[in-house]
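What follows is a set of notes on a single structure, which appears directly below.
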Amino acid sequence: MDSNTIIGLTIAIGGIAPAIAIGLIGSKAVEAIGRNPEAASKIQSNLILGFAFAEAIAIYALVVALILKFV
Amino acid sequence: MALNISISAEPVARLFGLTITNSLLTGWIVTAILAVSVYLFSKQIKTKGAPSRLQSAIEFIIETLYGVVESIAGSVKAKRFFPMVGTLFIFILFSNWSGLIPGLAAIGLREELQGVSVLIPFWRAPTADINTTLALGLITMIMVQVYGYQYLGFKYFKKFFDFSNPINFFVGILELVSDFSKIISFTFRLFGNIIAGEILLLVMGLIVPILGPTPFIALEIFVGFIQALVFMMLASVFINMATLGHGDEHHE
């Protein structure tokens, strides 16, 4: 494999788990808001926090890929 | 096609032996603009009578932000944390957005770099430099320790160094590691998001030069806002967790 393939695979594989995680968080949050619309603002702040933690994993993979590509 | 992408900030000048990078320069400009506008605004605040339209708008923004922090920390603690986390939010927001101003990245000096002539711009979003985000993460985590000490006294550090039994000792080591990993997490989350946005805009501008990057600039305005919000919310969550004693955690 040449280096560009490896860089592509780094972010592609690194993006799988966060994508599933963000999907799960989003679906559960929408479900919760549907069940209890009054709690929407509380759910939303927890939703954004959950997104941030899940997304951080993808960002790590992205930073590794960027470092491999440009440094 | 030559795409000039630099992960690190480029030096543009030297001042008394201190290298000034373009992100540092932009950071100073953003800080100066914010400071001057706060000074000018603070002179025309009215506490009596009807507030001006500008004051109403700014009060609305600050109250919304305060509501977010209040929902995390509660009204008593939010009053103490808000000046710090709110300032972080405003600085990060304008730093993120400063990198999106079209045209400014084209102003710079041409320099020979490894035999290739590249443009070194004077303008670069401060948060697109890992040094800025590392500094912000360090400030936040140090303030977490300070607030924890203020609320709990020396009992706070017992969280890290607990010799009462082997399990607590090991948990203390885990707490220590988790606090250091929070610095890394803060650093890379903000830096990665912003630099990815800049590279996305560059690549889109290369593929579709006319009107191509426009929707992505809108996306980046949104991402810049969300990242600033996430930074503020995480900072207030960590500060709030540090101020809760070991015993209080179970009551919530």
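Glycine residues also receive a Cβ, built from the backbone N, Cα and C atoms like all the rest.
Please treat TrEMBL annotations as automatic predictions, because they have not gone through curation.
Positions annotated as transmembrane segment by TrEMBL: B:20-41 (among others).
Sequence annotations record features per position, and here TrEMBL assigns transmembrane segment to B:85-110 (among others).
Among the features that TrEMBL reports, transmembrane segment is placed at B:130-149 (among others).
Annotation comment: TrEMBL describes B:190-211 (among others) as transmembrane segment. Below 8 angstroms of C-beta separation, residues 1, 3, 5, 7, 92, 96, 99-100, 125, 127-130, 133, 136-137, 217, 219-220, 223-224, 227, 231 of the same chain, each at least six residues beyond the ends of the transmembrane segment (B:190-211), sit close to that stretch.
If you look at the transmembrane segment (B:217-239), the same-chain residues 6 or more away from its ends with a CB under 8 A from one of its CBs are 65, 68-69, 72-73, 77-78, 81, 84-86, 88-89, 92-93, 96-97, 100, 102, 127, 136, 140-141, 143-144, 147-148, 182, 186, 189-190, 193-194, 197, 200-201. Summarising the annotation, TrEMBL assigns transmembrane segment to B:217-239 (among others).
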